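For Gly11, Cys12, Gly13, Lys14, Ser15, Ser16, Arg117, the entry in TrEMBL reads ATP binding site. The Mg(2+) binding site annotation in TrEMBL covers Ser15. Taken from TrEMBL, the feature substrate binding site covers Asp33, Arg57, Gly79, Arg134.
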Amino acid sequence: MKKIAFIGMMGCGKSSIANDISKDLALMLVSIDKMVEKELNLSISDIFEKFGEPYFRKIETKVLKNAVINESCIIDCGGGIILDSSNIEILKNNGYSIIFIDRNPEKILEEIDVNNRPLVKDNPTALIKIYNERIGLYKKYSDYIIENNNDYDYAINSVKSLIINL
């Protein structure tokens, strides 16, 4: 039984890696952001705009509680899941191994469309500030750290090898 949760900054490759790994290892994939969007029938950007970040975080925790009941599952967490330590407790108490996908924020900025990222769309360089504020929490809460700075295939193979050996 594999229970894996991916954490990391927006644009670090969590969702792509989670999607590819879930297919390769035939594990169910749950995206917390997609569950939040489905719950409210709104995009993440619209949720932030209409209700604000605190409301989004509340719904994020609610859907996480529903997601962890799955057996042999990969959970793709939103970038801010670590801001509420109770989210990490939910994952740990339900037997999830937490993998931090780390990526240099400058590299993220080169590759993401900031217009779809509510926390940085008005000020893209805020991503570097957010990264610096969160990096300690990502490291503190993760069981494993995988870097995704250069070679995506290397990152995928590293994650796959790690999960197979858990």
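In case you wondered, yes, glycine gets a Cβ from its N, Cα and C as well.
In TrEMBL, annotation is done automatically, which means it is predicted and not curated.
Everything TrEMBL records as a feature, shown here on the structure.
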residue : record                 : Cβ within 10 Å
Gly11   : ATP binding site       : 23
Cys12   : ATP binding site       : 28
Gly13   : ATP binding site       : 24
Lys14   : ATP binding site       : 25
Ser15   : ATP binding site       : 20
Ser16   : ATP binding site       : 15
Asp33   : substrate binding site : 21
Arg57   : substrate binding site : 17
Gly79   : substrate binding site : 21
Arg134  : substrate binding site : 17
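Ranking the binding-site residues Asp33, Arg57, Gly79, Arg134 by Cα distance from Cys12 (ATP binding site) puts Gly79 first.
Comparing Ser16 (ATP binding site) with Asp33 (substrate binding site), their Cα atoms are 13 Å apart once rounded. The shortest Cα-Cα distance from Gly13 (ATP binding site) to any of the binding-site residues (Asp33, Arg57, Arg134) is found for Asp33. Here Gly11 (ATP binding site) is compared against the binding-site residues Asp33, Arg57, Gly79, Arg134, and the shortest C-alpha distance is to Gly79.
For Lys14 (ATP binding site), the binding-site residues whose C-alpha atoms fall inside a 10 Å radius of its own C-alpha are Gly79, out of Asp33, Arg57, Gly79, Arg134. For the recorded site, Gly11 (ATP binding site), the DSSP three-state label reads coil.
Reported as a whole number, the C-alpha separation between Arg57 (substrate binding site) and Ser15 (ATP binding site) equals 18 Å.
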